[in-house]
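This report refers to the structure that appears directly beneath it.
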Amino acid sequence: MKRIAVLTSGGDAPGMNAAIRAVVRKAISEGMEVYGINRGYAGMVDGDIFPLGSKEVGDKISRGGTFLYSARYPEFAQLEGQLAGIEQLKKHGIEGVVVIGGDGSYHGAMRLTEHGFPAVGIPGTIDNDIAGTDYTIGFDTAVNTAVEAIDKLRDTSSSHGRTFVVEVMGRNAGDIALWAGIASGADQIIVPEEEFDIEKVASTIQYDFEHKGKNHHIIVLAEGVMSGEAFAQKLKEAGDKSDLRVTNLGHILRGGSPTARDRVIASWMGSHAVELLKEGKGGLAVGIHNEELVESPILGTAEEGALFSLTEEGKIIVNNPHKARLDFAALNRSLSQ
């Protein structure tokens with residue numbers, strides 16, 4: 001394989017630029033040419049494709065976001081969109097693609113592979129909700145950003161004796177809420193993987209104020225449960241009488257310079273993706289499991305909620321985020337006593 005392309009798709013995540021940089025520089029070191037595709041699959045279909053060299057990725061490792069831009073392009077789920085994209089790839093002499101993104105991006109990579117066009121996926125999403133890997137690019141940075149924000153909210157919460165509901169991103173996964181909640185010493189963490197009793201949440205707030213000598217209370221809420229405003233309303237209906245405030249950290253979690261960990265795993269996975277394409281392997285997703293590089297069939301990792309995937313050698317990679325998140329939730333309850 002002499003010429004490959006790289007794209008980012010879906011929601012942006014800190015560390016994507018580090019992955020792009022690794023793909024480009026590793027490919028060049030292997031004697032391959034690299035092209036960048038702007039705006040993900042939309043740019044592929046539009047032919048927004050251009051050469052990338054070492055100069056173009058210089059100083060990008062520390063930058064958040066993605067300099068290749070990103071977009072959601074549901075039209076690529078249709079055969080017409082897929083064939084149009086492949087036509088553009090062939091027009092530019094591209095023989096394989098590295099796709100950086102979440103489960104939607106993986107579905108696009110899977111379709112390319114089904115059409116006989118090798119594609120390798122790299123997990124890039126702050127949600128950490130991709131099967132076949134312990135960590136996704138951007139998750140560590142998002143957690144650190146959330147912790148920094150919650151620490152600051154605690155300052156004002158304690159100054160005024162208030163309860164804060166802090167809503168964080170995560171869609172159907174509570175990883176950001178759990179990790180950030182534990183690291184910031186949150187009093188309660190609410191995630192979609194675990195049922196909660198709103199009356200118990202309210203009574204816990206009251207008990208902390210009246211019997212534990214606390215003058216403030218922090219609740220970290222994953223957006224997949226409900227919005228922070230809706231949760232606060234339910235708390236009031238359940239009898240909470242504390243001075244309640246809601247803060248939605250929102251898209252701030254996607255921004256910022258990536259942490260050292262995100263830069264390292266992005267570089268590691270980007271380099272390995274190139275190695276796979278050089279060997280002519282497609283339809284695979286790169287991941288990190290037990291601090292080791294692994295690859296899994298993209299078909300299994302692209303299925304939302306998949307609890308495991310298989311390597312080419314048939315090795316099972318357990319990916320049971322539900323159990324892990326419940327274990328973390330139990331840990332936080334024991335620490336918030």
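The backbone N, Cα and C atoms fix where each Cβ goes, and this holds for glycine too.
Residues or ranges marked as ATP binding site by Swiss-Prot on the basis of sequence analysis: GLY11, ARG72, TYR73, GLY102, ASP103, GLY104, SER105. In sequence order, SER9, GLY10, GLY11, PRO123, GLY124, THR125, ASP127, ASP129, ILE130, THR136 constitute the residues six or more apart from GLY102 (ATP binding site) in its chain with CB-CB distances below 8 Å.
The Cβ of VAL23 (ADP binding site) has 31 other Cβ atoms within 10 Å, all protein chains considered. Taken from Swiss-Prot, the feature ADP binding site covers ARG21, ALA22, VAL23, VAL24, ARG25, ARG154, GLY185, ALA186, ASP187, LYS212, LYS214, ASN215, HIS216.
Under the heading Mg(2+) binding site, Swiss-Prot lists ASP103. Cβ neighbours within 10 Å of ASP103 (ATP binding site), excluding its own Cβ and spanning all shown chains: 20. DSSP assigns ASP103 (ATP binding site) to a helical segment in the three-state reduction.
Taken from Swiss-Prot, the feature substrate binding site covers THR125, ILE126, ASP127, ARG162, MET169, GLY170, ARG171, GLU223, ARG245, HIS251, ILE252, LEU253, ARG254. Close to MET169 (substrate binding site) in the fold, though at least 6 residues off in sequence, lie ILE126, ASP127, ALA142, ILE176, GLU223, LEU249, GLY250, HIS251, LEU253, ARG254, each with a CB less than 8 Å from its CB.
Annotation source Swiss-Prot lists active site, proton acceptor at ASP127, citing sequence analysis.
Here ARG245 (substrate binding site) is positioned 15 angstrom away from ASP187 (ADP binding site), judged by their C-alpha atoms. Pairwise Cα distances among THR125, ILE126, ASP127, ARG162, MET169, GLY170, ARG171, GLU223, ARG245, HIS251, ILE252, LEU253, ARG254, the recorded substrate-binding residues, top out at 32 Å.
Here the candidates are the binding-site residues ARG72, ASP103, SER105, ARG245, ILE252, and by Cα distance the one nearest ARG25 (ADP binding site) turns out to be SER105. For ARG245 (substrate binding site), the nearest neighbour among the listed binding-site residues (ARG72, TYR73, GLY104, LYS214), judged by C-alpha distance, is LYS214.
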